[in-house]
Amino acid sequence: MPELPEVEVSRLGISPHIEGRTIKSVKVHDKRLRWPVPETVHKVEGHVLRSVSRRSKYLLLQTDNGCLILHLGMSGKLRVVPAETTHYKHDHIDIEFDNGQTLRLNDPRRFGALLYSESDVSGHELLSQLGPEPLTDAFNIDYLFERSRGRSQSVKTFLMDNKVVVGVGNIYANEALFKAGINPKRAAGKISKVRYQKLVPIIKETLASAIELGGTTLKDFTQVDGNPGYFAQKLQVYGRGGKLCMVCSNRLKEVRLGQRSTVYCTQCQR
């Protein structure tokens with residue numbers, strides 16, 4: 001599943017080609033995505049795309065007549081191609097612009113989404129309850145420490161709660177906790193402020209590095225230009241259960257926390 005870095009990489013890839021252009025049409029070849037694509041998405045036709053921003057894992061395509069909300073789901077990826085480009089299997093949505101370019105969503109598993117918001121998009125039901133962005137000043141040591149107090153859930157599950165902080169998905173939670181030396185099973189409320197002082201900057205550094213390297217390609221994700229994300233080459237624990245720790249050579253342990261695969265080193269992480 002594309003996580004925050006992959007969605008941000010997609011945003012950076014598409015923005016130069018479509019911002020400031022007029023949307024000619026929104027063509028939906030298959031409405032059967034995570035939620036049925038509403039007819040209201042056509043309200044943006046004939047309007048200039050003012051900006052492409054990101055909130056959590058949602059891309060927000062803002063016009064002066066509402067906003068398209070785009071989610072990549074489990075397997076979605078975006079390309080900007082000439083309008084006449086032949087469609088591939090699973091090309092479900094085309095957003096065509098006045099410069100002859102098309103933003104095309106390919107989504108084999110159809111867990112992606114295209115929705116429309118006419119009013120302030122920050123109040124949309126999908127966005128209104130989200131926690132702070134991890135790469136902003138709002139996500140800081142004091143904030144995370146205070147939110148963790150009284151929490152008995154594992155610190156990894158806590159970090160992946162998008163009401164606490166958005167975008168720290170399974171890959172990056174595994175990696176950040178390893179770098180911080182924190183056992184992912186430890187209760188979030190039992191971790192000291194000193195340890196959160198180490199963890200918060202590591203989360204920020206891990207996500208920023210992943211964005212710089214084009215995200216993580218494990219199976220489906222590619223950048224807008226078709227290239228893979230290269231952060232996969234930097235993974236130290238994710239996907240390495242049963243292999244040797246790169247730091248101490250202890251065998252990495254794999255468990256499930258909150259229905260998600262979790263890999264950690266029993267020696268390096270306490």
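The backbone N, Cα and C atoms fix where each Cβ goes, glycine too.
Here Swiss-Prot flags Pro2 as active site, schiff-base intermediate with DNA. Secondary structure from DSSP puts Pro2 (active site, schiff-base intermediate with DNA) in coil. All protein chains considered, the CB of Pro2 (active site, schiff-base intermediate with DNA) has 26 other CB atoms within 10 Å.
Annotation comment: Swiss-Prot describes Glu3 (among others) as active site, proton donor, evidence class sequence analysis. For Glu3 (active site, proton donor), the same-chain residues that are 6 or more apart in sequence and have a Cβ closer than 8 Å to its Cβ are Lys57, Gly167, Gly169, Asn170, Ile171, Tyr172, Gly215, Thr216.
In the three-state DSSP classification, Lys57 (active site, proton donor) falls within coil. The Cβ neighbour count for Lys57 (active site, proton donor), using a 10 Å radius and every protein chain shown, is 21. According to Swiss-Prot, the feature active site, proton donor maps to Lys57 (among others).
As annotated by Swiss-Prot, active site, proton donor applies to Arg260 (among others), with the evidence given as sequence analysis. Under the three-state DSSP scheme, Arg260 (active site, proton donor) falls in the strand class.
Per Swiss-Prot, DNA binding site is recorded for His90, Arg109, Arg151. Long-range Cβ proximity for His90 (DNA binding site), meaning a same-chain Cβ under 8 A and a gap of 6 or more residues, is found for Asn106, Asp107, Pro108, Arg110.
Counting residues 6+ beyond its ends, the zinc finger (236-270) has Cβ neighbours under 8 Å at 153-154, 156-157, 160, 170-171, 174-175, 177-179, 181-186, 218 in the same chain. As annotated by Swiss-Prot, zinc finger applies to 236-270.
Farthest C-alpha pair in the DNA-binding residues His90, Arg109, Arg151: 42 Å apart.
A sphere of 10 angstroms centred on the C-beta of Arg151 (DNA binding site) encloses 17 other C-beta atoms.
Within the model, the zinc finger (236-270) carries an average pLDDT of 97. Applying an 8 A CB threshold to same-chain residues 6+ apart, the list for Arg109 (DNA binding site) reads Gly73, Met74, Ser75.
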